[in-house]
Amino acid sequence: MVSVQRVKIIARLRPPIPGELSDDGIKITTTDDGLSAICVNNPRDQSQVFRFLFSSCYGHDARQEDIFEADVKPLIDVVYSGATATIFAYGVTSSGKTHTMQGTRSQPGVIPRAVEALFDYKQRMCVHGASVSVSYMEIYRDEVYDLLVDRETAPKLPVRENDAGQVFVANLSSLPIQDVTEFNRLYVTANKQRSVGSTFLNIASSRSHAILTIEIKLPQQNKILTGKINLVDLAGSENNKLTGNDPSRLQESAAINKSLSVLGQVVHALNQGASRIPYRNSKLTRILQDALGGSSVGLLICNLAPGVKFRQDTLNTLNFAVRTRNVENKPVINEKDARPVPKPHFSAPPPPPPKQVPLAVVTPVSGSSRASFVVSRTAASGVTSAAGPSRVPRISAAFHMAEAAPYPRTGKRRESRIGIAQEHYSVNKWTNQEIDDKISKAVEAEVERRLKEKMEEMERQRVADEKERSRKEVAIADTGEDQPHEGGHHNLHSNVLAPLLKRHQDLDNELRQRLQDLERKYDRNKRDGDIVHKLSPMSRKKTGRAYVALARTHSEKCAPKRSQCDIPDIASRGDLQVALDLYRKAETYVPDNIKLKERIIEIEYAVAHGTEFRPSPKRGKGRKARQGTQARGANMKLALNAIPERHDNDDESNEEETIVSLLEAGPTATVTFGMEVVNSPN
Ligand SMILES: Nc1ncnc2c1ncn2[C@@H]1O[C@H](COP(=O)(O)OP(=O)(O)OP(=O)(O)O)[C@@H](O)[C@H]1O
């Protein structure tokens with residue numbers, strides 16, 4: 001069994017910055033049993049105080065090194081064990097996320113310190129042969145850009161998933177670094193490319209989420225371990241009334257708030273144990289998937305700003321943090337076989353997928369003893385790459401932080417000073433169109449190959465099955481007895497289309513051909529998973545729809561209206577099973593369709609219990625039906641527009657409700673997730 005580890009949460013309160021008043025409404029306290037807590041006055045009732053307990057809480061006087069030594073340094077050992085660690089800074093705009101992650105020259109933050117500690121470990125522990133590389137991306141308006149290449153030519157990068165289900169950004173450059181100096185040079189240049197703009201609340205506000213990854217390859221006997229640390233500086237949630245965003249900023253702000261809203265939904269779904277986690281709803285959650293309910297060790301730094309104007313956002317941030325605390329990861333060691341691969345024969349089968357290997361306990365060797373990390377092993381799979389389309393110019397206010405910033409943040413266009421990155425890029429300069437063409441060609445070629453292989457065999461099989469079926473029908477008609485049905489999903493590949501083709505003899509050739517292709521595709525079963533991701537959303541939808549149509553034909557055969565049929569029950573159950581298989585197939589193409597899920601559950605029940613299944617009547621395409629669809633669409637839009645106001649709200653656990661229920665619960669009541677409301681000392 002793989003061991004489970006919760007995301008660790010720490011909170012940091014920044015000091016008031018020039019122009020801000022000091023604030024007594026938010027402070028750090030320590031409980032009798034030595035735990036630290038953030039106490040926040042209820043903005044609507046000053047006599048009440050909300051208290052949030054975390055593993056570490058840092059006040060306005062906390063130093064960068066305090067945070068690093070206590071909570072970040074233990075993760076360096078995790079990286080050298082071959083696992084992935086992800087640290088992300090979360091909080092409202094201007095709460096100090098960038099200060100915490102990046103810092104200043106005099107007060108370097110988590111990122112420069114982590115890099116220094118990684119090289120220090122390598123030297124101290126005499127890790128031979130380890131190679132270190134860095135990649136750095138930003139997610140701006142839900143598009144991914146490489147910060148290590150010239151911003152003028154940087155294309156949008158696609159997010160993909162490999163055979164092992166690992167999400168990666170295709171064509172993101174990964175540059176080798178030998179030491180801290182080399183890293184600093186790259187990092188300073190890259191930060192100049194990050195999208196930064198000025199708002200009322202922050203003169204250098206990040207307009208994008210930035211993810212810096214340091215990867216360490218550790219060669220061992222016959223294998224290579226890959227340790228990774230992802231350092232994420234999220235953009236802050238924004239209240240446009242406070243930030244005074246002009247129209248050009250509003251779109252950025254909407255994208256930031258939407259992605260943070262999806263992050264909240266992902267955390268909520270994980271807490272609820274939902275069967276579907278909406279990772280795919282934003283690039284941010286897709287890329288951070290591994291850190292949220294995945295195989296990475298997670299640390300969330302929750303940044304808080306003092307001041308009454310931030311109070312509601314502070315409570316939202318803390319509620320999000322409290323919920324994230326329950327997110328469980330299953331850390332694994334990424335290892336890859338390093339033995340030379342024999343030259344593949346063209347007809348050789350594809351290599352087997354990565355295997356899970358037994359658990360190993362990794363205890364920090366250096367630094368604080370506050371953390372010990374249990375990780376299991378899995379082999380990392382190779383990552384292929386493709387490129388995205390060319391970069392569209394974006395709006396980013398030029399802003400140069402004065403001498404205070406060692407890692408200047410400016411949106412000003414510059415010549416890239418990162419030669420290696422450009423060189424790396426030119427090798428793989430494909431346009432989106434080219435990628436799509438390559439993928440479609442590969443898919444077509446695969447279909448063609450299998451089609452040729454199977455054509456004859458399927459034809460023979462179909463004829464044989466038809467004969468067998470007629471023989472059984474005659475036998476049943478003769479004896480009137482139930483016979484075991486051998487059809488169903490076992491010979492699905494030759495029977496799937498039969499009812500539809502019989503019913504529609506007049507189908508035109510093109511449609512027949514399409515359905516037959518589908519039947520063959522259906523036969524490819526496990527390979528579909530790969531193909532789904534290679535299809536465009538529209539093709540996925542179309543294929544899903546075609547499967548649903550087929551499934552419906554089979555499920556209708558079992559409907560009660562057909563009970564007058566000569567061979568009711570036996571054939572019906574088989575058909576229902578076929579329908580179920582087809583509906584499941586459809587689900588792989590349209591995994592988000594709730595109706596489809598419900599249908600599958602209903603049929604599963606009917607198949608398992610041998611009960612009747614009554615398909616719902618087909619929806620007409622009349623005006624009423626269309627109006628219904630439009631109204632649903634409009635409601636959906638309204639809902640989406642409402643989200644940015646409070647980014648992690650949802651039906652069952654929005655902060656407003658939590659707070660209201662807290663108030664109703666009265667003083668000293670202990671409520672959800674370890675958060676308490678207590679009487680103010682005053
Ligand atoms: N611990 C701290 N000590 C001193 N100054 C701080 C601290 N934290 C933040 N600041 C200052 O507060 C201001 C806002 O911080 P920062 O830019 O890091 O916020 P942010 O959360 O990254 O904002 P945004 O989401 O808008 O990018 C900066 O001027 C920064 O120097």
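The backbone N, Cα and C atoms fix where each Cβ goes, glycine too.
A quick note: this is a predicted structure, and the numbers were derived from the prediction, not measured.
The ATP binding site feature in TrEMBL is assigned to G91, V92, T93, S94, S95, G96, K97, T98. Residues or ranges marked as coiled coil in TrEMBL: 441-475, 501-528. Annotation source TrEMBL lists compositional bias 'Pro residues' at 341-355. Feature annotation from TrEMBL assigns compositional bias 'Basic residues' to 616-626. Residues or ranges marked as domain 'Kinesin motor' by TrEMBL: 6-327. According to TrEMBL, the region 'Disordered' annotation covers 335-355, 612-635.
Secondary structure from DSSP puts S94 (ATP binding site) in coil. The average pLDDT for the coiled coil (441-475) in the predicted structure is 75.
A 10 Å cutoff on Cβ-Cβ distances gives T98 (ATP binding site) a total of 29 other Cβ atoms nearby, all chains included.
Ranked by how many other Cβ atoms sit within 10 Å of their Cβ, the binding-site residues V92, T93 place T93 at the bottom.
Checking the binding-site residues V92, S94, K97 against ligand 1 with a 6 Å cutoff on the Cβ atom leaves S94, K97, in sequence order. Taking Cβ-Cβ distances under 8 Å and a sequence separation of 6 or more, the neighbours of G96 (ATP binding site) in its chain are R12, R14, N303, A305.
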